[in-house]
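Student: First the structure, then my questions, so here it is.
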Amino acid sequence: MEEGGSTGSAGSDSSTSGSGGAQQRELERMAEVLVTGEQLRLRLHEEKVIKDRRHHLKTYPNCFVAKELIDWLIEHKEASDRETAIKLMQKLADRGIIHHVCDEHKEFKDVKLFYRFRKDDGTFPLDNEVKAFMRGQRLYEKLMSPENTLLQPREEEGVKYERTFMASEFLDWLVQEGEATTRKEAEQLCHRLMEHGIIQHVSNKHPFVDSNLLYQFRMNFRRRRRLMELLNEKSPSSQETHDSPFCLRKQSHDNRKSTSFMSVSPSKEIKIVSAVRRSSMSSCGSSGYFSSSPTLSSSPPVLCNPKSVLKRPVTSEELLTPGAPYARKTFTIVGDAVGWGFVVRGSKPCHIQAVDPSGPAAAAGMKVCQFVVSVNGLNVLHVDYRTVSNLILTGPRTIVMEVMEELEC
């Protein structure tokens, strides 16, 4: 993670030492592994290393073969040799990011066994730390959209800091964007983000306070990670020098160029999609879920459609035919701290591809195979799922959805 920018000892206190410091480093480490794993997952989908595979007449969706992946990692210079590749993938397995498809092997082996990213089968564990990390990542992506101007260079106590937000303005924005219903709720969210090391005061001197104090995100979620970084036991913040174009740092009143978050796009840059509930909403996994905040990335997401859950294709005309065997239902779904908990796929009409059984959508009565008629009063029968996705993700936290359900379904 990038420090909010101090090059000296200013702002260091007891909160960064002892057990608190160790806990903070572990949270930083976890966050880096999560981002690295997600970037690898998207890349493997893009290059078709992850795909449906068959063994003994059974199909295993969204899998990769361990031996083939090791070949791929070496070929793409993500690992120097097979032993190193095994160690790297074991790091992801130890964090619960990947697993053997039948959970028969805890060790990652250089053999023809099927493994899968847990985000691709909906089994990724969502503890409080992961939830806070995902929420922070979504807010970061939203703030980094071209039309958002909340993050600005600002000065505090005579020192200039890059990519800062003012606490009071950030709280206003959270309520305005539907991320929180009240200012108090927004402030509680900021306290959680700070406790989990996602945001910090620019000089690390203050907790989060509704004031004109300046804060920054500690992590550049968009930085392209190298898999080899997983073997580096140093604090993630030490992996980026002050000369890095991705490094958040404070600037004095000299004429040094600001190198904070320059738009550097390496070849084959991974397009990170941060709108997630157990899986990226536009990823290949059939268990991706809508997040409670939009993805407004300037880059198109990596797209890859899972097999449809529908038994047969259905047209909008068929749904609207008088006497057709479909019943209309309306749901009001309030997003929780993680999201709404469902996936839309298909086109003209879209359908519900997956529903998180523990999410708000399931609680409201949503089921797979239902067809989406309208979102917040807007008819969407004749658009594709990308349009519906954008409508949901850029709308309010509470959504009203009308669906049609086949009576025999």
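Using the three backbone atoms N, Cα and C, a Cβ is placed for every residue, glycine included.
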Student: So one of S263, S279, S292, S316 should carry the feature phosphoserine according to Swiss-Prot; which one?
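Tutor: Swiss-Prot annotates phosphoserine at S263; the rest carry no such entry.
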Student: For which of S80, S252, S287 does Swiss-Prot record the feature phosphoserine?
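Tutor: That would be S287, per the phosphoserine annotation in Swiss-Prot.
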Student: For the feature motif 'BetaTrCP degron motif' as recorded in Swiss-Prot, pick the matching range from 100-105, 160-165, 286-291.
Tutor: 286-291
Student: Limited to the domain 'PDZ' (330-407), I'd like the whole-number average of pLDDT.
Tutor: 86
Student: With DSSP as the yardstick, break the domain 'PDZ' (330-407) down into helix, strand and coil residue counts.
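Tutor: Result for the domain 'PDZ' (330-407), in helix, strand, coil order: 14 helix, 35 strand, 29 coil.
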